[in-house]
Amino acid sequence: MILKFLIWALLFGSVWVSAEPILPLHSVATDARKVALGRQLFFDTRLSRSNEVSCASCHQLTTHGADNTARSKGVAGRLGDVKAPTVYNSVFNIRQAWDGKAVDLKAQVTLPVENPKEFATNWPVLIATLNKDKAFLDAFTQVYKDGLSSDAISDAIAHYERSLITLNAPFDLWLQGKGSLSGQAQEGYRLFKYYGCINCHQGKNVGGNMFAKMGTFGDYFGDRGTPIEPADYGRYNVTGREADKFTFKVPGLRLAARQTFFFHDGSENSLTGAINTMARYQLGRSLSQAELEAIAAFLESLVGQHQEMTQ
């Protein structure tokens, strides 16, 4: 009888979880040796021409996988064109970068390497620099038999980034019947679904799996009060299609509660402010303060754990 009850509970619980538009996060398969090499490269400033900037400079892992500025600084203090997105849980994104210019994590590595505002270098220069480090080269060739190459370096970093998944979020545990969630957070989740936030922010990463136009129910860029910049055209810069102007990859919200700046342009600096802006321009809604705080509580419950956050 007890065995039947346990089987029933497991089956019922799994059906209930799968019926929800947001799914618990899980780890993905990685090669431990490649992850270790990728981590070393992720923190290595030699990847930039000036030896002063690394992947970790803009994607700070102790907080939320990005930095606490509206736009990150690259070599010589040059400001990037967009807000650095979090690298945590990025493996679940449909594409990488706000405009989706990179098909996956491996392809994304080249973007900062060759960007004059980020690493400001190129692969031949970068590889020549790393080849001078015999100890690193020996360790690298133990994993990649053909030695240093743009493909191997990108593959190692991508493997490390695949390991950056925040597990055991209170919401995920609650969804699986393994933990509790405050009444305010549960109400926030209900509102998140009721008002339609869930239409764009769903799945494992609560986003990252589609593109959407910024300003569906209002002139976001006109109201912003600053001139339109090339980066504001978003996906259009990749496809050249008129319909893709002002369209961006929907960001995952797993660590939104830890951010200090929001959107591709970093124009909002508070969580409730970002929720309010999204409600106005993407949903055509005006939310009460209590509703904003409830949704913020729900977003807080999405924050999971990773060992890099405590290093």
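Glycine residues also receive a Cβ, built from the backbone N, Cα and C atoms like all the rest.
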If I go by TrEMBL, which of M214, M278 binds heme c 2 at the same site as C197, C200, H201?
M278
Counting other Cβ atoms within 10 Å of each Cβ, which of the binding-site residues C58, C197, C200 scores lowest?
C200
Which residues does C55 (heme c 1 binding site) neighbour through Cβ under 8 Å, counting only same-chain ones at least six apart?
L41, F42, F43, L47, V87, P112, I157
Look up M278 (heme c 2 binding site) in the DSSP assignment and report helix, strand or coil.
helix
Cβ neighbours within the same chain of H59 (heme c 1 binding site) - under 8 Å, at least six residues apart:
F42, G65, A66, D67, A84, T86, V87
